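For ARG67, TYR208, LYS214, ARG334, the entry in Swiss-Prot reads substrate binding site. Taken from Swiss-Prot, the feature Mn(2+) binding site applies to LYS214, HIS233, ASP270, supported by sequence analysis. Under the heading ATP binding site, Swiss-Prot lists LYS214, HIS233, 249-257, GLU298, ARG334, 450-451, THR456, citing sequence analysis as support.
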Amino acid sequence: MTVMEHTKAAQIDLAQYGITGVTELVRNPSYEMLFAEETRSDLEGYERGVVTELGAVAVDTGIFTGRSPKDKFIVKDDTTRDTLWWTSDKAKNDNKPINQEVWNDLKALVTKQLSGKRVFVLDGYCGANADTRLSVRFITEVAWQAHFVKNMFIRPSEEELAHFKPDFVVMNGAKCTNAKWKEHGLNSENFTVFNLTERMQLIGGTWYGGEMKKGMFAMMNYFLPLQGIASMHCSANMGKAGDVAIFFGLSGTGKTTLSTDPKRALIGDDEHGWDDDGVFNFEGGCYAKTIKLSKEAEPDIYNAIRRDALLENVTVRSDGSIDFDDGSKTENTRVSYPIYHIDNIVKPVSKGGHATKVIFLSADAFGVLPPVSKLTPEQTKYHFLSGFTAKLAGTERGITEPTPTFSACFGAAFLTLHPTQYAEVLVKRMEAAGAEAYLVNTGWNGSGKRISIKDTRGIIDAILDGSIEKAETKHIPIFNLQVPTALPGVDPMILDPRDTYVDPLQWESKAKDLATRFINNFDKYTDNAEGKALVAAGPKLD
């Protein structure tokens, strides 16, 4: 075996993972080498990247253009039996169990796929705090998957690589599938499986890079809260005075737009922890959606798409230009890039002090939630566990009906412990830091229009500069929320959602409809004492 290294690091023996006969091991290659490797003319199919006019390489991820939650399984053993939030009839989630025998079969499949090949080994960190980060070793035979890892995880220095000992190993066998999936009781021939005792993730059949990113997020969501550290699906930024704010929100709520603020430096856009020192990013890069991307609307992301960025599933014309409006492969077109492609970031390490403002973003298509409410600690837990947003979906008669989405902790797909554990840890961290929480509706109101970005930015500014704390408040029934009566730069007529309706009874009817959905959704958290105690903090129909 030859070892091609761009570091002074010690040699790696892959036989310890069951991978044998490797013809060449390429460890932590430079961006220049990755560019040359992923654009080689002899590559075929999904392995081959094309160079775009912006300088970034574009690849296709095949039939999987997003994560495949139905193919996610975790080994149920003495480590996980009593700690993991397993799927159940009452609370269905993506944490489905497999036994050790199935794991052994899948591991044999992946190691066979990677054996006798030229492989890339990428060592990186998940977590910007040295005390709690995961040292992760990724093994793949596909150059662009190594590139994705280099973009998205924190890149070790040469000195750190020389002494690198992985806490977790990810073996990506994208080219292999499992013919015995029915016998194994799995969902399909593709698989993304985890073993927390062996501290390993196996991937087969899917080429989607996000399985590696979100796989490690799910693992941080297991290890950190058990140590009393908050693990959060949120963006975070920092003001000039060092004040930190975190933004939770599901897709389409404005999380990226509102946390990208010229007055504030970005800590990170998606995954963070909160420990005794403050808020820290898990990642070394960003994974941004590119559908309908334009330089005018989102200059930061557009300008980040250059050499070393990696585009996924976009349409590249024959002249190398990109059609960002084309969603024919998927609406989930993406780009990964190292975080330093964004100018206004916290340097040199993506971390800040303790958060003083915690913002939950919901796009309420029912049109009844206030544009901003200040939450009590109990309400913070309730709305964090609810993780509400809603979209407008057309029906066959052309009427637009709101479709609610409730996703625990604004990231249910990535939770590995019971949701109440994340809520408890978050509120403890908030109380210790004296942080305030706010529920911000970036959706609709009684006018039938979406709340303007100008008003929403005015609300966020009022939260961040503290002026909302000086405002008089009033009580909104049914949802049991306190709202300000006036804020600088915000239309006062929208702050009480009832004022946006010609007929206040229409608001009441819609509000009761949404409140009922909140109550029904929250029922699944009443299987423990913590959840039962929070029911009183939610909406009330009497």
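Every residue gets a Cβ built from N, Cα and C, even glycine.
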Collapsed DSSP category at THR253 (ATP binding site): coil
From ARG67, TYR208, LYS214, ARG334, the binding-site residues whose CA lies within 10 Å of that of GLY249 (ATP binding site): none
Other C-beta atoms that fall within 10 angstroms of the C-beta of ASP270 (Mn(2+) binding site): 23
Diameter of the substrate binding set by C-alpha atoms, the set being ARG67, TYR208, LYS214, ARG334, in angstrom: 14
Distance [Cα-Cα, Å, rounded] between LYS214 (substrate binding site) and LYS255 (ATP binding site): 18
Residue among binding-site residues ARG67, LYS214, HIS233, ARG334 with least C-beta crowding, 10 angstrom cut-off: ARG67
Distance [Cα-Cα, Å, rounded] between THR257 (ATP binding site) and ASP270 (Mn(2+) binding site): 12
Under 8 Å by Cβ from ILE451 (ATP binding site), same chain, sequence gap 6 or more: PRO371, ASN441, THR442, GLY443, TRP444, ASN445, ILE494
Cβ neighbours within the same chain of THR253 (ATP binding site) - under 8 Å, at least six residues apart: LEU361, SER362, ALA363, THR389, THR442
Spatial neighbours, same chain, of TYR208 (substrate binding site) - Cβ under 8 Å, 6+ residues apart: THR61, GLY62, PHE64, THR65, GLY66, ARG67, SER68
Entry from the binding-site residues list SER251, THR257 having the most other CB atoms no farther than 10 A: THR257
